[in-house]
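Read through the structure below, which is laid out as structure tokens, and then see the notes.
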Amino acid sequence: MITLSGIIGSGKSSLTEILSEELGTKAFYEPVEDNPVLPLFYKGNEIAAKKRAAGDKEATNPYAYLLQTFFLNRRFAMIKQAMQEDNNILDRSIYEDEIFMRMNTEMGNATDVEYDIYKSLLSNMMEELPFASHKKSPDLMIMINVSYDTMLKRIEKRGREYELVENDPSLVDYYHRLLKQYDIWRQEYDASPMLVIDGDKYDFVTNMEDRVAVLEMIEQKLVDLGNLTAEKFAALKEKHQIMLDQK
């Protein structure tokens, strides 16, 4: 199982699709478009921020805990499916989920009690993952690292109204905090091998040379880990050269 990680707008879903097509494996996507809680969460953050600015220091977002448990439940189901075959791909990891709940608690959007309950639930669910213990973790974690400016450009390009800072100025602080939390998480992550992709340097969505470079970095890592044969890698590199020649 291969898992993607990275902040909002880093390109996880795009790279998941590209890599899935490349390897001929199945992709599992974070439930965003069919998530009824997500727009409520962003609106709740905006309302809570305004209330706190007006003096109500106890104002929280009633959807913060609900959103994270929604994601946790859906992600758990996807992990159980993805682990059944080698090199299936998840476009976000369960290991990142606590970042959001912890940060929302620190910002006042969730309570300490909600955070404690969430951590307990996450721990219990991780213990219940099926199959052998070594399969509970991904074979490879791919983190796409992007700057604040790159993140905003990609958020604006995909056009989800509730993610745009011009519609909700409180998101500026939220996104900056999230970038810091992801940097800490990247340095502390030790559940599996990790490959960090520079999302500012490599435009793997629209630039074919960059896409090939990123794919071959990932595939070389999979070869090193024993999850891709050298013969398969050589065949993929030949295909890449044809793609570049035809560009």
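Easy rule for this one: first residue shown is 1, then count along the chain.
Placed from the backbone N, Cα and C atoms, the Cβ positions cover glycine too.
Automatic prediction, not curation, is the source of TrEMBL annotations.
Under the heading domain 'Deoxynucleoside kinase', TrEMBL lists 2-223.
According to TrEMBL, the feature ATP binding site maps to Gly6, Ile7, Ile8, Gly9, Ser10, Gly11, Lys12, Ser13, Ser14, Arg154, Ile155, Glu156, Lys157, Arg158. For Lys157 (ATP binding site), no same-chain residue 6+ apart in sequence has a C-beta under 8 angstroms from its C-beta.
Residues or ranges marked as substrate binding site by TrEMBL: Glu30, Tyr42, Gln68, Arg92, Asp97, Glu163. Counting every protein chain shown, the Cβ of Arg92 (substrate binding site) has 22 other Cβ atoms within 10 Å.
DSSP classifies Asp91 (active site, proton acceptor) as coil under the three-state reduction. Cβ contacts within 10 Å of Asp91 (active site, proton acceptor), excluding its own Cβ and spanning all protein chains shown: 24. Positions annotated as active site, proton acceptor by TrEMBL: Asp91.
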Residues Glu30, Tyr42, Gln68, Arg92, Asp97, Glu163 [recorded substrate binders]: greatest CA to CA distance in Å: 19
Pairwise C-alpha maximum, in angstrom, for the residues (Gly6, Ile7, Ile8, Gly9, Ser10, Gly11, Lys12, Ser13, Ser14, Arg154, Ile155, Glu156, Lys157, Arg158) that bind ATP according to the record: 17
Nearest of the binding-site residues (Lys12, Ser14, Ile155) to Arg92 (substrate binding site) - Cα to Cα: Lys12
Ile8 (ATP binding site) and Tyr42 (substrate binding site), distance between Cα atoms, whole Å: 13
